[in-house]
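*Asks:* From Swiss-Prot, for reference:
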BINDING   D81, D123, K124, E494  Mg(2+) binding site
BINDING   C122, C195  [2Fe-2S] cluster binding site
MOD_RES   K124  N6-carboxylysine
ACT_SITE  S520  active site, proton acceptor
Amino acid sequence: MPKLRSATSTEGRNMAGARALWRATGVKDNDFGKPIIAIANSFTQFVPGHVHLKDMGSLVASAIEEAGGIAKEFNTIAVDDGIAMGHGGMLYSLPSRELIADSVEYMVNAHCADALVCISNCDKITPGMLMAALRLNIPVVFVSGGPMEAGKTKLSDKLIKLDLVDAMVAAADSSVSDEDSAKIERSACPTCGSCSGMFTANSMNCLTEALGLSLPGNGSMLATHSDRRELFLEAGRRVMALTKRYYEQDDTSALPRNIACFKAFENATALDIAMGGSSNTVLHLLAAAQEAEVAFTMDDIDRMSRLVPHLCKVAPSTPKYHMEDVHRAGGVMGILGELDRAGLLHTDVPHVAADAGGNLKSVLAKYDVMQTQDDNVKQFFMAGPAGIPTTKAFSQDCRWPSLDDDRREGCIRSREFAFSQEGGLAVLSGNLAENGCIVKTAGVDESNLIFVGSARVYESQDDAVAGILGGEVVAGDVVVIRYEGPKGGPGMQEMLYPTSYLKSRGLGKACALITDGRFSGGTSGLSIGHVSPEAAAGGTIALIENGDRIEIDIPARSIKLAVSDAELAGRRETMLARGPMAWKPVGRERFVSMALKAYAMLATSADKGAVRDRSKLED
């Protein structure tokens, strides 16, 4: 049987000092020998998705201690991408993922914790904790803070649903009055929780369900609903059950690397494509797979993107549905159920919601609203919004009058009635992106699936914003924003402002945008990111010139710079002749701190998940 990791610091005469310190944290004589469960919280008053998490660790701890464990909580940092957006703060967002992963590893290994509960919610926090959990490979359960309620307001006597992106677009649209813009701003983010659409935070929290590492409802149950309390309590109970299975029964199926196996990554990708998740999820799934030592790559994502239909359309791809509507339709388990019936899901994989010996098939039998016989489960998925602004968790217990089980015209569709037979994400490749790039097809208008235009090149997001707002960009342009990749930014900024401003100027369907940076989960339109190799790594995107013809063909999965090989070779020679200034932006003024320079030294391009280049760290 595996020995408790915590025994290293709690057993033997030579650990008297460590035990004395444990006692000072509240550990009693009869507690020694119990498993120590780390609770990685991410409470902060900076982030609406985390502002309500302060007491969540205590909830989880109470369940752990009742089940016979010792619970010890610590905190990680959490960056709000929306607040950091549009200025130098965004350089820190993606690098914070690595810091979060490292900080969880540091705390868990320094104190020899036996298992882990991750309380996450927003964009880089869930991926960072996921990377750490798979790196550590000790029993783990994820439980997030939950989504925000959708905003609602009246404009021209019409009630509309809103989210963060609506506020940004309205503010940049000169046709929207100051009064209406302010009204939208005040209504867009009414409660605590992760932003209400299928943006990065909610996408990742949904994916933890598909990976098998969080409980049903984790990705969709509203932060404000009282039913979410039970998810935190059950996370504590479940992690103790997993801990006992591993340490007392030598059941390695309780470990995260055996749960989040290759098949589980395929399941998560199928879900991602079916629900039109944020393109950032590709980055984070690739990074998590490397930590899990699973050989899951962009090629696998490309392969699956050609097989999986688009079954669930949510804001920002449509104003009709938000996460509260996804939950009413059955949440992640509802989408997985449709994927299973379409023959696109592995159900023989372990899941933290399954009892010992169980698997995803048994979880779906209970939690898929289209097949369950459990009325409590149906009531669970009828939990709805209250429409009352608040920063408090569990502050309401409203319910929808009925489930949305309309698989023909509802929020979640069956394969037969899919929003499209093409999935919500696609991998494109060609001479402009030899190692691939990503487009969220769920947000692309059908008229733009094939697009040919002239390059309008910018060396930074700031210059692109100035060009768009200043009228340089016109219909038919392909806006190219380069040197914003993991190494070149550094930090791979999100390009939500450029895409929002294109929309506000009426160019959302008339232009394309290509970048080696990334996009907010709130982005829609013909926005192609993660171009690899990035400009700073010698990618072709660095060689594009104004006026070059760029050809995009999403159905054919291709992206081409219509310049001859000989011309490109000549441009590459010219670039290399710049010596130390080769593959660096011309004329860009940007302060890059030592912390960001350290990140850039080890960063890989997006096709590798923008993780550290391990070859530079090997002995």
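Using N, Cα and C of the backbone, Cβ positions are placed for all residues, glycine too.
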*Asks:* Of D81, E494, which of the binding-site residues has the most Cβ neighbours inside 10 Å?
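*Replies:* In terms of Cβ crowding, the pick is E494.
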*Asks:* Tell me, by DSSP, whether E494 (Mg(2+) binding site) is helix, strand or coil?
*Replies:* strand
*Asks:* Quick one: of C122, C195, which of the binding-site residues has the smallest count of other CB atoms within 10 A?
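*Replies:* The binding-site residues C122, C195 were compared, and C122 has the fewest Cβ atoms within 10 Å.
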*Asks:* From the Cα of D123 (Mg(2+) binding site) across to the Cα of C195 ([2Fe-2S] cluster binding site), what is the distance in angstrom?
*Replies:* 10
*Asks:* In angstrom units, rounded to an integer, how far apart are the Cα atoms of K124 (Mg(2+) binding site) and the residue listed as 'active site, proton acceptor'?
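*Replies:* Distance (Cα to Cα, whole Å): 12 Å.
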*Asks:* For C122 ([2Fe-2S] cluster binding site), which of these recorded positions sit within 10 Å, Cα to Cα: D81, E494, S520?
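*Replies:* Those close enough are D81.
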*Asks:* Please report the Cα separation of D123 (Mg(2+) binding site) and S520 (active site, proton acceptor) in Å, rounded to an integer.
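*Replies:* Spelling it out, the Cα of D123 (Mg(2+) binding site) and the Cα of S520 (active site, proton acceptor) are 9 Å apart.
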*Asks:* Compute the C-alpha separation of S520 (active site, proton acceptor) from D81 (Mg(2+) binding site), stating it in Å without decimals.
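*Replies:* Between the Cα atoms of S520 (active site, proton acceptor) and D81 (Mg(2+) binding site), the distance comes to 8 Å.
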*Asks:* What other residues of the same chain, not counting D81, D123, K124, E494, have a CB atom within 8 A of the CB centroid of the Mg(2+) site?
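*Replies:* My list of surrounding residues reads V79, A84, S93, L94, C122, T200, A201, N280, S520.
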*Asks:* Please report the DSSP secondary structure of D81 (Mg(2+) binding site), reduced to three states.
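*Replies:* Assignment for D81 (Mg(2+) binding site) reads helix.
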